[in-house]
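Over in TrEMBL, the protein carries these features:
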type: DOMAIN; residues: 2-88; note: domain 'DUF3817'
type: TRANSMEM; residues: 7-26; note: transmembrane segment
type: TRANSMEM; residues: 38-59; note: transmembrane segment
type: TRANSMEM; residues: 68-84; note: transmembrane segment
């Protein structure tokens, strides 16, 4: 479960950075809409997956709701999931 959660967190973070760092400028500065749609849908799916997996992970580890909220809030910030991975997940064992 830990490896899957870490993978989900990393993929969600990458999709967030791609969405706001690459496809939004293409959409608004160059008028190219397609990459934003594709990455936007992927990011939406990965965000939902991240939240569900984070909730399940916290439940199985018997972590507090506070820690889940921290993990959830990390998904709302650029580079947040990378920080959460390093601070909360990296030293854990399966």
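Note that Cβ sites are derived from N, Cα and C of the backbone, with glycine treated the same way.
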Q. In the same chain, who gets a Cβ under 8 Å from the transmembrane segment (68-84) while lying at least 6 residues past its ends?
A. 9-10, 12-13, 16-17, 20, 47, 50-51, 54-55, 58
Q. Per DSSP, what is the residue count of the domain 'DUF3817' (2-88) in each of helix, strand and coil?
A. 76 helix, 0 strand, 11 coil
Q) Can you give the mean pLDDT for the domain 'DUF3817' (2-88), rounded to a whole number? A) 93
